[in-house]
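Structure, as structure tokens:
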Amino acid sequence: MGLPFIVLNYKTYLQGTGQGAMEIAKACKAVSEESGVEIAVAPQLPDIYRVASEVALPVFSQHLDGIGAGSFTGHVFGKCIKEAGAVGTLINHSEKRLTLAEIEASLKAAKEFGLRSIICTNNVPTTAAAAVLGPDYVAIEPPELIGSGIPVSKADPEVVSGSVEAVAKINPRVKVLCGAGISKGEDLRAALDLGSQGVLLASGIVKATDPKAALEDLIRLI
């Protein structure tokens, strides 16, 4: 197994807003260059262009709507985020839930504009359903553990291993990420040992006093 893929979701944390978004992205780039680990960031929409323009690392959108050009006020258009510099998008995060039809439409839009896709799920059945759709990644995140500081890899390891097994049976080209409560090296190591190929995390890094040090701790056991 190669090095893991780490995706850092800024959410709307103050520490990851505006200039803070830039500083965290620079920390991610430094750690990525030092370690060889691919680290992507998902800043707020208005910060995508700035981060993508000034820091050479993968930038994801936190959301994408399954719409095209036209009368869709307030929606997130795939072509717009692609031209702003995004290379991928989260879909169906537990804080931005979508219906199955909306997930399919968002994934279709991501594929249309060449964006890497991460569909977030909350249990093994939803992971299996997401795998059928054929995204690049599914990220298993039980919502009750998000932001808790309690890693899913320890609190509910079966949901991770079960998701890995389900995806392998349905569509082995889809990669599995592990999320919810991930913040330390032990958490990432446990997630990888359960079969995931990376992690989706947020507060443990974004809200850290020293994000670079927190990232270095995260990868120290791989």
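Every residue gets a Cβ built from N, Cα and C, even glycine.
Since the structure is predicted, the reported quantities are computational estimates derived from the model, not experimental observations.
Residues annotated as active site, electrophile in Swiss-Prot: H93. A sphere of 10 angstroms centred on the C-beta of H93 (active site, electrophile) encloses 23 other C-beta atoms.
According to Swiss-Prot, the feature active site, proton acceptor maps to E141. A 10 Å cutoff on Cβ-Cβ distances gives E141 (active site, proton acceptor) a total of 28 other Cβ atoms nearby, all chains included.
If you look up Swiss-Prot, you'll see N9, Y10, K11, I146, G181, A202, S203 marked as substrate binding site, on the strength of sequence analysis. With a 10 A radius on its CB, A202 (substrate binding site) counts 24 other CB atoms from all the protein chains.
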- [ ] Look up E141 (active site, proton acceptor) in the DSSP assignment and reduce it to helix, strand or coil.
- [x] coil
TODO: Determine, to the nearest whole angstrom, how far the Cα atom of K11 (substrate binding site) is from the Cα atom of E141 (active site, proton acceptor).
DONE: 15
Open item on the list: If you count, for each of the binding-site residues Y10, G181, S203, the other Cβ atoms lying within 10 Å of its Cβ, which residue has the minimum?
Closed with: S203
